[in-house]
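Below is one structure; the comments refer to it alone.
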């Protein structure tokens with residue numbers, strides 16, 4: 001009646017009560033399953049059995065997240081103070097918000113292991129929203145859609161860009177009419193609409209299986225293919241806008257912003273699968289986390305550090321002294337220069353009166 005792997009040592013002189021029997025069964029079940037077959041523990045079980053090294057790393061990541069949030073608040077202060085356009089400053093705040101959000105969601109996933117897939121969904125959905133925000137920021141820096149579509153405009157939509165059409169050199173350049181710009185915007189906007197629907201179905205299937213993981217699920221390859229196609233189309237639309245406005249908007253350093261966005265996309269579309277592919281190399285001697293959950297834990301730890309470094313680099317490259325995006329900063333400096341010159345010219349007159 002019982003599986004042979006369960007070893008019950010029942011003695012007649014000291015019978016085992018029900019609680020001891022359940023603990024004995026759970027211990028033997030855990031000891032005989034492989035790393036990939038373990039079930040992700042709850043928050044209480046995880047925190048009661050976590051080792052000191054992992055706990056110290058999680059605390060360190062939480063400190064890094066706090067620093068990232070502080071830097072984000074400083075960024076928002078500069079956006080509100082030195083950017084005259086409120087719409088442009090809000091778009092910049094949306095783009096900068098990816099770093100504290102990704103860092104905070106990763107910390108929540110590290111503390112509550114069963115929330116790791118949900119954290120990844122939130123981060124990826126926010127990235128989709130940021131792609132659309134980047135396109136709107138580029139159009140705003142160009143003076144709006146009407147200014148881009150002007151017949152004397154220097155902009156030309158270059159279709160032979162990656163990641164979809166970089167090899168098709170024969171593709172013509174399109175004039176930036178309002179219709180063509182809206183089509184390219186829709187390439188990006190579809191990702192912000194289509195991807196949440198796909199992730200909703202992924203979340204439904206994940207909740208139905210109580211957080212278990214099964215690579216043999218028949219729906220997984222189909223949904224993954226749709227997600228990849230939607231992401232490639234959106235990234236193509238972003239690249240078209242970027243290549244079209246790279247030189248005219250050089251004073252705004254849009255190319256640096258695009259590089260940071262591409263690096264963020266690589267983190268969550270390439271780094272996570274690499275960690276998951278290495279799950280078989282991760283040991284789980286403590287028999288606490290499954291191999292895929294443990295690799296996801298390390299992935300989120302790396303993400304927290306990467307977010308802090310990327311936000312620091314973005315603040316350095318986009319400092320007001322080097323970027324025309326902060327137009328109020330140059331006006332305030334010019335006013336200070338005029339006041340300083342007036343003070344210098346007034347001093348001799350004051351001395352002569354005295």
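Indices start at 1 and increase along the chain as displayed.
Just so you know, glycine gets a Cβ as well, placed from its N, Cα and C.
Curation plays no part in TrEMBL annotations; they are all automatic predictions.
Since this is a predicted model, take the numbers as computed values, not measurements.
For reference, TrEMBL has these:
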- 53-80: transmembrane segment (TRANSMEM)
- 92-112: transmembrane segment (TRANSMEM)
- 118-139: transmembrane segment (TRANSMEM)
- 186-207: transmembrane segment (TRANSMEM)
- 219-242: transmembrane segment (TRANSMEM)
- 254-277: transmembrane segment (TRANSMEM)
- 297-318: transmembrane segment (TRANSMEM)
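As a quick check, the transmembrane segment (118-139) and the transmembrane segment (53-80) miss the bar of 3 or more Cβ pairs under 8 A, pairs 6 or more apart, so the two do not touch. Counted over residue pairs 6 or more apart, the CB atoms of the transmembrane segment (92-112) and the transmembrane segment (297-318) come under 8 Å in at least three pairs, which marks the two as touching. With Cβ pairs under 8 Å as the measure, the transmembrane segment (219-242) is packed most heavily against 186-207, out of 53-80, 186-207, 254-277, 297-318.
Across the candidate stretches 186-207, 254-277, 297-318, the maximum count of CB pairs under 8 A to the transmembrane segment (53-80) is reached by 297-318.
A Cβ distance under 8 Å defines the sequence-distant neighbours of the transmembrane segment (186-207), meaning residues of its chain 6+ beyond its ends; these are 117-118, 121, 124-125, 128-129, 131-132, 135, 217, 219, 223, 226-227, 230-231, 233-234, 236-238, 240.
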